[in-house]
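Remarks on the structure that follows.
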Amino acid sequence: MKLPNLPPGLVAVFKKEWASYFNTPIGYVFSILYLFLSSFLFFYGLGEGSFWDRKVAGMEEYFVWTPLLFVVFVPAITMRLWSEEKRSGSLEILFTLPISKWEIVGAKFLAAWAFLGFTVCLSISIPFFIWAFGDLDLGIVFVGYVGCLLLGGAYISLGIFLSSFGRDQISSYILTVLVCLFFFLLGTQPVLKFFGGGPSAFAYLFALSSHFESFRLGIMDLSDTLYFFSFISANLAGNFFFLRRNYP
């Protein structure tokens with residue numbers, strides 16, 4: 001069965017955004033820094049939590065650092081998506097083209113998500129390295145990587161939405177880091193203990209880090225998967241309606 005063709009406008013914007021990550025050194029620096037920090041924290045850790053100290057052939061601790069690393073790195077991907085268009089004056093030109101705002105928002109999101117996925121997948125050498133020396137459960141690793149992609153998509157959708165409010169890349173980056181950090185901290189034990197009772201259950205429900213936890217442990221939970229897709233859809237819809245209101 002032949003798959004339907006994608007809208008040409010979406011494809012064109014996607015190619016433009018995808019290429020922009022590799023036309024400057026920023027994309028390469030991002031990938032290298034992320035891979036270095038994630039690998040360093042996993043193998044050497046902080047204190048006695050390193051891979052060599054645990055002596056366990058598992059990737060669960062690698063994914064422990066993913067939500068916090070995404071808080072810092074994902075805003076660097078999304079900060080320019082709307083702010084740069086505003087700065088260069090190309091935003092108004094973009095909206096005069098025969099491309100719907102839904103296609104533009106979707107293309108920017110998919111390009112950023114694909115770039116993050118590309119960077120995350122570069123770390124695939126780590127589980128194969130562990131597998132060569134121990135009995136590593138590749139199924140758990142696969143689910144962990146799926147969780148990384150879903151968590152990354154959630155952060156990216158939030159970052160794109162917030163980027164439309166920023167006047168420049170720096171303000172967009174700072175705003176996105178703070179909001180992403182908020183959704184990360186909601187699921188941490190100190191915050192949950194602080195709220196206590198009903199409020200803690202409410203906070204846990206909306207925390208991105210808490211919905212990632214099952215994936216980290218190798219459990220692909222349907223409710224967590226639906227949460228991530230709902231979170232992504234809500235942010236993309238918010239971005240669309242913001243643009244439609246401010247750039248009719």
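Residue positions begin at 1 at the first shown residue.
The backbone N, Cα and C atoms fix where each Cβ goes, glycine too.
According to TrEMBL, the protein carries these features:
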type	residues	note
TRANSMEM	21-42	transmembrane segment
TRANSMEM	62-82	transmembrane segment
TRANSMEM	110-133	transmembrane segment
TRANSMEM	139-161	transmembrane segment
TRANSMEM	173-192	transmembrane segment
TRANSMEM	225-243	transmembrane segment
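Of the two recorded stretches, the transmembrane segment (225-243) lies close to the transmembrane segment (139-161), with three or more CB pairs under 8 Å once pairs fewer than 6 apart in sequence are set aside.
By the Cβ criterion (distance under 8 Å, sequence gap of 6 or more), the transmembrane segment (21-42) is not counted as touching the transmembrane segment (173-192), fewer than 3 such pairs being found.
Residues of the same chain lying 6 or more positions beyond the ends of the transmembrane segment (139-161) and with a Cβ under 8 Å from any Cβ of it are 58-60, 62-63, 66-67, 70-71, 74-75, 77-79, 81-82, 105, 108-109, 112-113, 116-117, 120-121, 124, 127, 172, 176, 179-180, 183, 208, 211-212, 214-220, 225, 228-229, 231-236, 238-239, 242. Within its own chain, the transmembrane segment (110-133) has Cβ neighbours under 8 Å at 10, 13-14, 17-18, 21, 27, 30-31, 34-35, 38-39, 42, 51, 57-59, 62, 74, 77-78, 81, 141, 145, 148-149, 152-153, 156, 159-160, counting only residues six or more beyond its boundaries.
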